[in-house]
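Annotated features in TrEMBL:
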type     : residues : note
COMPBIAS : 1-24     : compositional bias 'Basic and acidic residues'
DOMAIN   : 154-198  : domain 'PAS'
DOMAIN   : 273-316  : domain 'PAS'
DOMAIN   : 509-561  : domain 'PAC'
DOMAIN   : 562-631  : domain 'PAS'
DOMAIN   : 634-686  : domain 'PAC'
DOMAIN   : 704-917  : domain 'Histidine kinase'
REGION   : 1-34     : region 'Disordered'
Amino acid sequence: MENELKMKSRQQPKKEQEKSENKSSHSILHTHSGEVGDNFANSLNEVYVIDTIDLNFVCLNKRAITKSGYSIEEASLLTPIHILPQMNDEQFRLLVSPLVDKLIPKIVIEALLQRRDGTQSNVEIQIQLTQFMGQECLELTILDTSEHKHSIYELERYKFATDNTTDAVYWVREDSSFFYVNNSACKMLGYSREQLLSMGVVDIDPKYPMDVWKKHWSNMKQKRFMSLETKHRTASGEFRFASMEVHFYEYYDEEFIVGTARDITDAKYTQMALQKTQAALDTATDVILWLQTDGKIIYVNDIAHNRLDYTRDEILEMNVADITPDIESAELFKSEIWPSLEAQKGMVFQFTFQRKDGSTFPAEMTTHLIEFSEEKFACSFVRDLTEINQAHLKLKELHELNQTMIELLSVTDGVWDWKVDTGEVWYAPGWRKMLGYAGDDIKGIPNTLEAFDSRIHPDDIKGVWATVQESFDSITGVSQEVNDKKLAEKHKESQEHHQSKITSIIKPFEHEFRLRTKDKSYIWVRARGMPRFDSAGNPVRLVGSTNDITEAKKSREAIEESEERFKQLANLNTPCWITEIDSNCTWLNQQWIDYTGQTLEEQLGFGWLDAVHPDDVDQTKTIYLEAVQNQQNFELEYRLRRYDGHYRVFRARGSVSRDRKGYFNGFTGFSIDIHDQREAQLALEREKEALAVSNKDLQEFAYVASHDLQEPLRKIMAFSELVKEESGEQLAEESQKYLETVIESAKRLKQLVSDLLTFSRISSRGKEFAPVNAKKCLDYALNNLEFAIQENDAQITSDELPVVLVDANQLTMLFQNLVSNAIKYRSDEKVKIHIGVHSINSVHKFYVQDNGIGIEPQYSKKIFEIFQRLHGRYACGGGTGIGLAICKRIIERFGGDIWMESEIGKGTTFYFTINND
Ligand code: ADP
């Protein structure tokens, strides 16, 4: 108000006066708008306020007084004619009448302005209506071009001034762009002036997007002044809190919002921190007490009410001694506790606190000495130890349990912990023990990855690491999934939840492989582990355990093997069965079921006996139960009823089955259908028996016949000879021929009977086998044949012959027959006979080779049959046709074989074998 020149005092009530001032013209407005406004108003315009009625000057601003040269007193007597010499009052009234009638808001004229000293200058004058002291007046604002320049200079000066104030100053245009900013504004926002001048409020104040800014602008235009708090975004993106005073200015035809901003960020943060501290104090779980030197409580936080049952107000009336029986009195606090607190600046007490109802609780009171406004206080944090004490106990128990677990694990389990990122591995004592080392043998098995890797069986290394990698990679799959936009939106969960989700998807490491032990042998182990990942999904740890599964593996293999056997049993195309230790049958295969036509249920236990022939049941049962008793394999035959009621013979074989420890477990067995075989065998036996009987009869007949025939034959021969001797010559020639034939036939019959007797005696009268040199037998034979040999001049050669285990007489007989035939069936050439042998170990193949007439191949078998002769009865000296049959029988008795090879006209070779194995 002191800058304002009042020339007329119109006695108006104060309130009204203020009201009119608020609606004032530029000058007044400027006067009212503080320092900046004053500078501006004073330096820029000459303003004259003129009463519309009598055209008296009612107010001049400082600049008008200075420029016009009139004193205040003089000015009060002026009318426009004094400053505008080119027009009289009437002309002036005419000029301003559209204004007074409110037809137009403003008139700007060019006029000659005269000063008190008579000097004149051309100026622009802006005239508009204004209110002054409740009176409608005209406001003449002189717009001198030279003045304008001057005002720009002023502005520059102002800028210089404002540039160096610590508050930030902004001049802002209607479109929010900056018209001017001072150094502090640049500093506060972190931009250069050039940068800021190309920006606007909308760029730095998130509170004012363009639409809001526009509203703010019109609001400011009306209100003219506002103080507000906002935050500005700096070049670095941070926000600075600012407290602002904002003015609306019109400068010539331009309108501006001019704001001064003070950075209150630090203050704001301090305030927020304070608020937080207050909130923290009030929401702290510990009771907080501020105590005076005498123990009087001057502050207490909210929680105290819950802990002590007293209200806050009640506590604020109390002394710490009232709630802690351990501090007997306020005096004690003052005289003993306070001095030591002061000395040590802070102490921790273990006190018992008492609630309103008299109950107590143990607490730890941590007390700090603080100085505040030159006064000293004790700030105590009282922590209820009840739960903590209990938790401590629990923790101790848990710790002990944990210790036990670790010890247990260490002993029994091969626990390990591989820190993937650092490469360290920790092996529990159990791991070392598993491999035959002492639990603490760090030298034998150091805590390195190498210690593990080098022990894996070469064939298993690849598999182990591939499985580890698979487990590590399982997280990658998850992150990829979560990275997927849709999924990521769907799973906007907390990190913790996300982590737990990952854990559930991660594939644990699990693998079976072989590890080398201390004694260089390999054991089978199963390792299991769970990988841990960092937030980026990299594996950091693999923790797990390894167990020796060698035994389990063996038994599993055994089971697999037995299952395989079982499968094979089931696939056998013959009835099979399994019985248990209690002798009950527990399994029969499909073949059994198909054969008997009974259901499985009907035959389990001892039900199968129902299909066994009633006559065989007792024996079957007895043999089976005896086998169970003795735990021995068994074999038996029974007749088993087929689904159609027919019985067939089966041979059942039961093998003892044992468990892993070798204990008797029952039998597994199968029954083979031997019906056809048995039938054939029976038929064969029956035939054999019949044959043996007939053979025996025949032999006996042959023997008896030949023996009994000898006697009458001898008589025939004897009497024929007698007749021939005594009366042969008396007989007619014809009769003599007849008598000769009788004698000849009798001789032949005698030979036949003798040969037959020999033949029949081979089996029945043979001698025990004894070792004999075959050459000796040959020599006997040749000796017997001496006459025939000489007569035929036969050349007989032989190899060295082996010792054989035979009936020597019969071997002699064999050689004799063969050599005799070789001579007998001679050709015209000189008789050459060779007796040889091929021996392999004790198997001897003898042969008798001649150069005789030979035998047609088709008779190679026939000639060994009795009475079979190829050549006529009398050809080649004749024979009975029994010789080769005798040879065959002898060789059969020796257990060998006889056959021949021959070529007509070239000779025959007879072979026979003697096997003394
Ligand atoms: P036989 O008393 O007729 O000799 P064998 O049983 O000894 O009766 O011989 C049967 C037949 O085999 C003879 O009749 C003869 O035709 C023929 N045979 C046997 N040995 C020879 C041989 N070495 N060479 C030619 N034929 C032979």
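Each Cβ is built from the backbone N, Cα and C atoms, and glycine gets one as well.
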Summary of DSSP states over the domain 'PAC' (509-561), given as helix, strand and coil counts: 12 helix, 30 strand, 11 coil
Counts by DSSP class (helix H/G/I, strand E/B, coil) across the domain 'PAS' (562-631): 43 helix, 11 strand, 16 coil
Within the domain 'PAC' (634-686), residues counted as helix, strand or coil by DSSP: 12 helix, 30 strand, 11 coil
Reported mean pLDDT - the domain 'PAS' (273-316): 78
